[in-house]
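Engineer: Sharing a structure below in structure tokens format, with a few things to ask.
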Amino acid sequence: MEVASDQATSICSYCDRAIPSSNLDLHVAHCSRKLEKCKICGDVVPKKHAEEHFLSTHAPVACSLCSETMEREVLGVHKSENCPQRIVACEYCEFPLPAIDLFKHQEVCGNRTELCHMCSRYIRLRERDAHESRCNGGTNIIAESSRNTSPAERDHHGAPRRQPHEASRKRLLFTIAITGIAVLFGSLIFQKKAEHSQMP
């Protein structure tokens with residue numbers, strides 16, 4: 001026996017499904033009792049789970065790093081790009097620290113110097129990229145830097161002797177360790193002040 005395929009249908013206003021017109025009233029009555037359409041996203045959820053749906057999907061949430069409240073949809077972007085307490089690395093020493101402290105740290109860190117192995121001059125870290133792009137280790141740069149170098153530091157050709165890379169690496173590790181201690185000490189002081197201010 002062949003079933004008619006051209007049976008008239010209507011769209012249910014609760015679940016947006018196409019329902020045979022002959023069953024629509026019964027279906028709508030069932031939907032209105034059991035289902036609810038979310039006013040924010042339009043998803044149809046069982047009435048008993050409507051609050052759970054709102055809390056898990058749409059309720060404002062607090063950032064676990066800075067405690068700022070925001071929509072759940074933007075939390076991921078906030079944590080990765082905007083949160084002042086997100087951890088970022090210093091571009092000079094790669095030390096990880098909160099983004100809010102980065103500018104102050106890089107002001108100090110960028111003023112440290114490192115030996116250029118091309119021209120044997122000490123270059124500020126903040127100027128290193130620009131220096132490396134124009135440094136060719138030519139004699140005019142060596143001659144200029146030799147005025148700041150003692151005779152004992154020069155080899156038999158008169159050019160400054162280059163220090164091994166290991167020395168600059170050790171100096172960097174020492175600076176990172178000192179910076180870490182300073183950040184830890186600062187956070188302990190801040191914590192003590194916060195505890196003291198909360199005391200009655």
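Any Cβ shown, glycine's included, is placed from N, Cα and C.
Below, the features straight out of TrEMBL:
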type: COMPBIAS; residues: 136-151; note: compositional bias 'Polar residues'
type: COMPBIAS; residues: 152-166; note: compositional bias 'Basic and acidic residues'
type: DOMAIN; residues: 49-93; note: domain 'TRAF-type'
type: REGION; residues: 136-166; note: region 'Disordered'
type: TRANSMEM; residues: 172-190; note: transmembrane segment
type: ZN_FING; residues: 49-93; note: zinc finger
Engineer: Could you tell me how many residues in the zinc finger (49-93) are helical, how many are strand and how many are coil under DSSP?
Structural biologist: 20 helix, 7 strand, 18 coil
Engineer: If you average the pLDDT over the zinc finger (49-93), what number do you get?
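Structural biologist: Averaged over the zinc finger (49-93), per-residue pLDDT gives 89.
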